[in-house]
């Protein structure tokens, strides 16, 4: 398998809900006029707490500093795994890279963020951790770094500085999980038809906020949750929304897999997770991979979210609770 280090240098930000008005114009520009900003990596995820943005340096320039904007300190690099076989299962998601990428990085104390899209899975690592990433994964993967759009082979010698890293550390924190009742769909869209849904998209993202109060509460099982993720990365669009929100969009423009599968969410974290802890993704992806359960995984500024097939949510909760009990004992 090949591991590609993409050219994007990504910043991770949080826009507080009360300050959304200040960012409506630049966000609309990034959403609908990417050529104007030259942004090639744009992801916006709405949660009950805030709006998380993952944007490259060109996109970051569009966002003015303010009291409503929090910026994670690190610059993140984007990794992508490609398999030589063209028969990859469309919705395997984070499960297919849990053992080969996520677990080894957790063992070497590399903090990762995940962004699963309709098309692929992006793994974000801090720029300063790249040497450890390469050293850790070089045996498993042919590693290439994109330079000027062309893949250049990376050897382990290129990454010898700062390695090895201490391999012992505290046991992973056991984070609580919740499973809201929403049913989600993972969709794509031909970029040429994006203008046709622009009005609806703007309404859903910026003006539709009649969320049940329990969605943002600390109750163990919120009945529903505000969650909408849109990404436009290298010309490909991916949208995650709940089935009720999907009804607002013209059905003939949104494309999904032939099965039209619906997904349920597992939300990870009781308190904001931060960016320094390692192994959070592995805590979820590992057990799902062992049980051969497909999952999309989306990290946000405060919490993590896994999407699993609707008909398997009961067994997923059981698997993860068993894992939690094992870690806690």
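Note: Cβ is positioned from N, Cα and C throughout, glycine not excepted.
Swiss-Prot gives the label phosphoserine to one of 14, 111, 299, namely 14. The average pLDDT computed over the domain 'ACT 2' (260-321) stands at 88. Under 8 Å, Cβ to Cβ, and six or more positions away along its own chain, residue 303 (L-arginine binding site) finds 47, 49, 267, 268, 269, 272, 273. If you compare Cα positions, residue 14 (phosphoserine) sits closest to 301 out of the binding-site residues 111, 274, 281, 301.
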